[in-house]
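**Q** Below: one structure in structure tokens.
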Amino acid sequence: MPPRSSVPATPRIISPSPTPSERDAIEYTGPMTRAARRRLATPLPVSEEGNEEDDVPGLRRARTRSRSPVETRPTAGRRTSKKRVTKTAEANTTSTDSTATAPNGDIAVSEKQEKEVNGHLLPPQPAGYTGWGWKDISRSPSPLGLIPIHRHWRAFIHKHEVPRKALHVSIGFFVVWLYLSGTQTLSVCPYLMGALIPIAAVDVLRHHNASFNRFYVKVLGALMRESEFTGYNGVIFYLLGAWIVLGFFPKDVGVVGTLLLSWCDTAASTFGRLYGRYTPRIRTGKSLAGSLAAFLVGVGTSAFFWGWLVPTKGPMPGDELFMFTGTLRLPLLLANAVGLTPAQATISGGLALGVMSLWSGFVAAASEVANVCGLDDNLTIPVLSGLGIWGFLKIFG
């Protein structure tokens, strides 16, 4: 056999490409875009500061910040916070200034550095996000999906709460009818308590029986908010508030307090959901539009009762015990302090009615906005309105 010829060695080609050892040292990160390759190819700045601190015994240096390039361009489908990128850049340039040496030799980290953001992406935000949205005001205060009828009538029952508001407003007209029939406020209180006890008992029972609760909301779901599926029914607080204001205040204050509950609360809810997106938010779930609606309806309700209903359809039994009789006067001490005679410190007629109406509208709007220990507004509106009107007339009436 002829001798096997040796295969010539492959000639070594020297090229500018990295050697295999250099390629192994580079961590593989998968396919990269041109922009990413350009960033990696850009040399990172090297600090020109000296290392004199290394020669000082007992002095420890803070760990330097990572010099990895920071991607500031938003990732597709997500958005980064401009504030966070700016803060991160500022922190990189002032990392040396934000540290100090503690007495024991350790490096003390400033409060600003502790609160520094980590540059993570923000969760997806709605377009045009400005800190709060109109949905916080105008949406229904309860989630959708617990009560079946709310899913079928989303606009009529869940969003606008038409059946619930109709019941709310009708009670005010029922109070007007009771006044025109000459019914005394104290005689209404036993009926209110007679309705309050069984309704509250049924509400407690349904929270201890899931099947009964489902039946309850299936029957009365159109008059409920879905937050009441696991909470107490607002009718309980409505009856309790009406019972307090009619039983513990004079007749005119009690009637007006109940009317403010019936009409001002409904107006605030309706106009707050319609126009609350265009006005500032006063607190969670309360907008300036709703408060203005409650104020205007409160002014009109007070003028309607004391300015038209009482003088036109009255007098009724018990009207002689009214706190507001068409006259307002400054207290004697205050009138003497400003140098006014009793006649000068007294107003009556339309001027007194106007002042009383404005005050009633103010207390109605304030009580609708107020949050008293998280209590239901069906309880706080009549009680706070009654206290406000009673205190005002106690001083100026």
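First residue shown is number 1, and so on along the chain.
A Cβ is built for glycine as well, from the same backbone N, Cα and C atoms used for every other residue.
It should be emphasised that the depicted structure is a prediction, and the values quoted were computed from it without experimental measurement.
According to TrEMBL, the protein carries these features:
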COMPBIAS  88-102  compositional bias 'Low complexity'
REGION    1-105  region 'Disordered'
TRANSMEM  188-208  transmembrane segment
TRANSMEM  229-249  transmembrane segment
TRANSMEM  255-276  transmembrane segment
TRANSMEM  288-309  transmembrane segment
TRANSMEM  321-340  transmembrane segment
TRANSMEM  347-367  transmembrane segment
TRANSMEM  379-396  transmembrane segment
**Q** Using Cβ atoms and a strict cutoff of less than 8 Å, what residues sit near the transmembrane segment (188-208) while being 6 or more residues removed from its termini?
**A** 178, 216, 230, 232-233, 235-236, 239-240, 242-243, 246-247
**Q** Give me the stretch from 229-249, 255-276, 288-309, 321-340 with the greatest number of Cβ pairs under 8 Å to the transmembrane segment (379-396).
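**A** Answer, by Cβ pair count: 229-249.
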**Q** May I ask whether the transmembrane segment (347-367) has at least three C-beta pairs under 8 Å with the transmembrane segment (255-276), counting pairs 6 or more apart in sequence?
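**A** In contact, yes.
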**Q** State the residues, same chain only, that lie 6 or more residues beyond the ends of the transmembrane segment (229-249) and have a CB under 8 A from a CB inside it; answer 'none' if no residue qualifies.
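**A** Answer is 142, 146-147, 168, 171, 185-186, 188-189, 192-193, 195-196, 199-200, 203, 207, 213, 217, 223, 255, 257-258, 261, 375-376, 378-383, 385-386, 390.
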**Q** Go through the chain and flag residues at least 6 beyond the ends of the transmembrane segment (347-367) whose CB is under 8 A from any CB in it; none is fine as an answer.
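**A** Cβ under 8 Å, 6 or more out: 256, 260, 264, 268, 291-292, 294-303, 306-307, 324, 326-329, 377, 380-381, 383-385, 388-389, 392.
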